[in-house]
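Chemist: Take this structure first; my questions come after.
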Amino acid sequence: MSRPLMWVGVAYTLGVIWAAGDQKLFYGTAGIVLFVWITGRIRQPWKEKRLFWLLPVFFVSGFVIFDQAMTDVKDASMENQFMHTRGIICQSEAKGKTLAVTLSDADINGRKKKLLLYMEKDAPVAVGDDIEVRGILEKPERASNPGQFDGASYYRSKGIAYIMRPDGYTIVGKGNSYPALLDKIKKFWCGRYQSFLNEEDAGVVRAVLTGDKAEMDEKTEQLYMQAGIVHVLAISGLHISIIGMSVYTLLKRLGGGLKGSACLSGFIVLSYGVMTGFGPSTERAVIMFLVRMGAVYLGCTYDFLSALSFSALILFVSRPLSILQTGVWFSFAAVLSIGVLWPAIEKSIPWQYAKTKNYKIEHLKKSMGVKTTKREWIERMIRYIGPSAAVTIGTLPLTAFCYGAVPLVGFFLNLLVLPLMNLFVPMAIGAGGVSLFSISMAGFCGGTLHFILQINRFLCEKMLILPFSVWRTGVPPSAWLLIDYGLMIGFALLALPEHKWFKHTDVGKILIKKSWLLMLAGLFILIPIRKMHPMVAFIDVGQGDGIFMRTANGTTWLIDGGSSDVQNVGKYRIIPFMNYYGEKSIDYACVSHGDQDHISGVRELLLEKRIRHLVLTAVSETDETVRELADLAVSNGAQVIYINEDTRWESGGWQFWCLYPGREEKEKSENDQSMVLRVNASGTTFLFTGDISSEVENVLNKDGISDVDVLKTAHHGSGYSSSEEFLKASKAKMAVISCGRKNRYGHPAPETLERMQKADMQVYITMKTGAVIMPCKKGKFLLQTWLK
């Protein structure tokens, strides 16, 4: 069997993927079928296939190791318990006003586990310190909405079992290990850049060179992410390659010899990886570089696929849960795109294919109608842009799956930015070194770094202005992801056939020539179907309200959008939800009244120019908070519309009816001035009641509140709303209560739930169910809750 290490790595990784998948049988079966089919194509004698029969052992090992690790980290037996424990700090990172410290080997209920501590930013602790801590153990929060950051999954992927905000701690011993020394060097080196660069540039340099984003400007990171070049701000194979090969080349020129240069450069790269936190993507790149240097030392040929498989094997044996990190997915997808997909594309290019078939250059020139020099120029250009194009194509399905949008300008920006970053990284390292001797000389180098970063910013801003700069796909189903990569694998297998007999068969010739159709199909399959479906969704915004609607003609509505317990609810809950469903903006945002738990997210969306029309009640014109919101809307290009009691309109075949308030309600409290909307959507009636009390419920139009299918419960389930008479008159079959976990108001009130139970209503509470999503398919609304 050729490349035995590759097959061992593939078998083990497939076992880990099978254990990690939500639909284990589906993914596992698909992986096994593909694995067996590829392996079965190896036409070798029986004796050379003996390793093949051991591959299931590696497959099962991957499954068992992942499953055991997941069982340990998911254990919640000590949640909300006071714990006194001790461990070694293995990682320390500043986050805003806090210091996130990872404690390894913490004794929790007799088991050694990782513990994440949130401490004061100026806490005198460092990597390698032995500390004792005491406090309440918490489990990381799960994502309760589509598109929301899933803290539980993320921290599980890092092997972190619990979170603690210590009531107190004691430093038992200071760290004096090699990792502790590297951490001190990292902090010292980061401090050097603060001495000759402005705050924004220093933050970027620290992120690029050390992976420390504590001082990184949030707007800059967001800009890079929207433009599709955020990977240059993370420690990746690019950095490892630049630093490692630069050191190796320099040592050789200084007379270090092949073996000595390989050993020393390998040690330096390994130390650099440890210093930057040794994230999974960095570990993958470091292992592949060490394998490359090992090949140089032993005088062997470096094999890309074997090195990649070996890195996957080491990574997923030592940290099996890291396969849950999207950064790991992108890392392997990008490397495979360069090492496998690009050669396949290269073979499919007409003149490349002609050369593999031994056509003469003269015949090639005649067939293409170009001169040799022009052909060579074109070929150089394709070889330059080819790898970047391959990475864009290879990571495109993942980008859509993780972010719900694909920055189309990212491909062109990478062609311009990557050469600049190849210059930026060594120059930044050099500037840091120069700062040890001369701040003024370092400042001169810093001017060049600033110039490069300004070019990057200028390119990103101008590119994003272009129409269709971002393709908003929405998040496709996971099955689409599997199909897409299946098509890419099929393309690579056809374009890079390993068996000579296949190339010379009639069927083989046809399939190879038409293999590009598979790649084309893979790109078109991402065209979103989600956008075609109307829907109503009650977003979990914590203690607040936020209802998203999309009508049959694609018009989007937002009824309220705010929270009193989730900071930046627009940024972290509402906008990710919109991205998940491929929506950039809201056509109409209705604000029931001016309380912060109904408008804080709306304000954020207005500031980002994501709302086209703001719909307010006429009576709210007297509310200073609402007036400020209206002024903000106008200043950000949104049109303000005022409606009144009995205002009716239609949108996408849905009928809207404002039941309350009238202009005469100015004397009532803010809550009792809430907008009440009745929406008839495809035969299903929704009633949205803001924060009204039972007093207002009694004066609502009886025709307006009758025959309701879905009731958005007033005032987050307060005991002063949803009276028995009102519930009886509405005849609602289902109620949704939007409230936050552990809220100080005690919502929903037990008496409200009791009245709803008496009315025989199905009740969904967002703090328990997460987002309540109701897509409309074939004229009928379905019901889904995000937290199963």
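Positions of Cβ are set from backbone N, Cα and C atoms, glycine also.
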Chemist: According to TrEMBL, which of these ranges is transmembrane segment: 388-411, 436-459?
Modeler: 436-459
Chemist: Hey, which bits of the same chain come close to the transmembrane segment (51-70), Cβ under 8 Å, at least six residues off its ends?
Modeler: 1, 4, 7-8, 11-20, 32, 35, 39, 42, 156, 159, 316-317, 320-321, 323
Chemist: What is the average pLDDT across the domain 'Metallo-beta-lactamase' (543-741)?
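Modeler: A mean pLDDT of 95 is what the model gives the domain 'Metallo-beta-lactamase' (543-741).
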Chemist: Near the transmembrane segment (257-275), which same-chain residues lie under 8 Å Cβ to Cβ, leaving out any that are not at least 6 residues past its ends?
Modeler: 178-179, 182-183, 185-186, 210, 235, 240, 243-245, 247-248, 251, 282-283, 285-286, 289-290, 293-294, 296-297
Chemist: Please give the sequence-distant neighbours of the transmembrane segment (412-429): residues at least 6 beyond its ends with Cβ less than 8 Å from one of its Cβ atoms.
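Modeler: Sequence-remote neighbours of the transmembrane segment (412-429) are 193, 205, 208-209, 227-229, 232, 238-239, 242-243, 246, 384-385, 388, 391-392, 445, 448-449, 452-453, 455-456, 459-460, 463.
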